[in-house]
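Presented below is the structure to which this report refers.
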Number of protein chains: 2
Amino acid sequence: METLEREPIFPQDLRDAWPALSRDERVESFKLVPHATADDFFLSLSAHAQAELILAMPPGERRTWMRLLAPDDAVDVVQSAPPEHREALLGELDDATRTEVQVLQAYEEDEAGGLMNPRFVRVRPEMTSDEAIGYLRKQTREQVETVYYAYVLDAQQHLLGVVSLRQLIQAAPDERVDEVMRRDVVTVSENTNQEVVIRLFAEHGLMAIPVVDAERRMKGIVTVDDIVQVVQEEATEDIQKVGGMEALDAPYFKVGLGAMLKKRAGWLLVLFLGEMLTATAMGYFEAEISRAVVLALFVPLIISSGGNSGSQATTLIIRSLALSEVRLRDWWRVMRREVLAGLALGAILGTVGIVRILLWQRLFHTYGEHAFLVALTVGLSLVGVVTWGTLSGSMLPFVLRRLGFDPASASAPFVATLVDVSGLVIYFTVAAVLLRGTLL
Amino acid sequence: METLEREPIFPQDLRDAWPALSRDERVESFKLVPHATADDFFLSLSAHAQAELILAMPPGERRTWMRLLAPDDAVDVVQSAPPEHREALLGELDDATRTEVQVLQAYEEDEAGGLMNPRFVRVRPEMTSDEAIGYLRKQTREQVETVYYAYVLDAQQHLLGVVSLRQLIQAAPDERVDEVMRRDVVTVSENTNQEVVIRLFAEHGLMAIPVVDAERRMKGIVTVDDIVQVVQEEATEDIQKVGGMEALDAPYFKVGLGAMLKKRAGWLLVLFLGEMLTATAMGYFEAEISRAVVLALFVPLIISSGGNSGSQATTLIIRSLALSEVRLRDWWRVMRREVLAGLALGAILGTVGIVRILLWQRLFHTYGEHAFLVALTVGLSLVGVVTWGTLSGSMLPFVLRRLGFDPASASAPFVATLVDVSGLVIYFTVAAVLLRGTLL
């Protein structure tokens, strides 16, 4: 690290190198970021990285960096730190901020209350636009999240309306705030789920949404720049659940191998235990298999087709539910549609399967004298298994949401396992009916 | 629809009902939205819905609504309309906007150029802050995307810096813009991929990013409120690909059954054709299976465990690559880590598998005299299959990105299929070695 001690470090280079550096290297490198850009660099780090950096600093320097953070960001840093260090970090804040942070800590991380900043610009309805601009000017020196929206509150802190700096600038100087303000403000409550907050931002193209309590008293604002991060996190969580693991909640290289294994082994074990039922199911058909070994050859093909169509359907519906494109009450419309889709997809795969078997039979005589019946068994089973996979894959997210769980827990592998077991039963039942008296 | 003709409609109710309405009902209902809120309601719709609505209106009314759109949104509406209507929609715009829209249309949808708005506030470096505020005040009347950032350009339109309205308000009235402005501006080029743009917004918490050409001439700005929508779309695309289908690019109920089947059948067929190799692989081991039918019982368990661990690994890496938590050059670190993870996960599942078989044997005498060897075969195969699944699942996204494809195309079902075939080979090879002379 000799060169580091001589030359200043460019923030972008450091950001790129960050994941590969050890904790000590990070602290050393951070010291070499030029003062003019160190603040911005620090603020652009994740809460995780900020906490790590602050804790690695000598106690005398921690205060400066903790106090640079807005209250909502300070909460994230405190919560990212190991429990034994949280009190110490809180102690670095000034009294007013510490109180705010403690209030914010009470909210769930995935609720509007957990995203909001309690510092926003308030104006009175009877101010003139000129007075309001002067007032904004003064408040820009304080640590408010945005000066571009001012919230119009009465003496009891009830939200009456919102006025943008743009509207104030456009208004005549002596026009009153309550003549200019918008009254139909989109608001959320402290307990509004972040998925709803995201949807409101996306739908209305807003820069900030005020958080109000049941009496419409204003508590804080959620700003769009904080939301981009949240949207990414939500999507990551959903993708990881769909892929069949617990959400990691941290970047790949930040999670220790042990913690990572725990997050992954849990689901794999559940799936494995479920999948053991396939051995049981196959056991019931052991006699059939020993009489017609050819049946065993298509087991992987059949069950994986059910699993794949189920994964597809479940992923589609999970995402549509998350984006509110599809709602709980649409389950019946979805079901009709997915049964049709399943039948069509099953017919396509079944036909290809039959053609493949007959072709191999013609070319290599692979499947013996009853090849046509075997082909028919496989084809019909595929229709049944794919339809069943599509249907159960699409309905499971509805069931989970109805029961109050996250639909994304209906991961693709989970559906695949469910369908594997039932797929075997479908296959061997079709075989028993079609092949009785010939192969069986 | 009788009641609709008498009572006004609340925008929020209409938004909720929207997916369930027919095209005609949407147009009829939209007419009943009170004038004061109709603009906002219209602007909050997706480009898809806006295009549908405009095209369903009598030609005389189309102009008003097309002209309400900012240039970047007008591009989206035009591109969402069926090709034969695009010229007509362009014709409704005023000449200046039409030119802008035509320029923007040349950009790819997923590049910064396709997201940017060419209307932004420009100021000169030699203006005083007071002059600049006055100038901003004038520009608020025009259709600029945001007045909260002003871009400081020289006479040749080169970007010199950026100054926020907040900074201008804070500055002394006679301070010059170039004394106040920030010079180290985060910029993107017109061809910057939107994933990079998203990352910059998330990292820096910015409200807007200027788009510049190779000579640093300013072309437009991308604002954060447009980005929220884009982040959602990107995540949806990734999730759908991970789930094993082509990205839908439209809400579930908006896609006709035929189009939906096409998007789904393609991938399912590819997977099905791949999965047919399992029948071929099983064919090679037909003699072994007929001698030891008990081996067939564990085929679904073995291959699905490989598939599940592969899905998990691939999903994890796809998302980490998308968020730049992991980079292409990290493949070696990831590989070492995933081999360890695979061995550990395989050992866990293998142990559970062995215990399960020995337990069933003790309780029900299910697996005959060589149960211990069968259990060992299954256990060792699980270690091999899970390690191989984890390894190939984690490396495939790297290979795809290296070859220039989207890593998300390495969908979980794709990995599962790949691992199914190789899993069979591993299983029967282990069996051949361990069981030779006893069962085989």
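Placement of Cβ uses the backbone N, Cα and C atoms for every residue, glycine included.
Just so you know, TrEMBL annotations never went through curation; they're auto-generated.
These features come from TrEMBL:
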- A:116-179: domain 'CBS' (DOMAIN)
- A:181-237: domain 'CBS' (DOMAIN)
- A:265-285: transmembrane segment (TRANSMEM)
- A:292-319: transmembrane segment (TRANSMEM)
- A:339-359: transmembrane segment (TRANSMEM)
- A:371-391: transmembrane segment (TRANSMEM)
- A:411-435: transmembrane segment (TRANSMEM)
How does the domain 'CBS' (A:181-237) divide up by DSSP, counting helix, then strand, then coil residues?
25 helix, 16 strand, 16 coil
Tally Cβ pairs under 8 Å between the transmembrane segment (A:292-319) and each listed stretch (A:265-285, A:339-359, A:411-435), then give the stretch with the top tally.
A:411-435
Considering the transmembrane segment (A:265-285), which listed stretch of A:339-359, A:371-391, A:411-435 counts the most C-beta pairs under 8 Å:
A:411-435
Taking every residue in the domain 'CBS' (A:116-179), what is their average pLDDT?
84
Helix, strand and coil residues within the domain 'CBS' (A:116-179) as assigned by DSSP:
20 helix, 18 strand, 26 coil
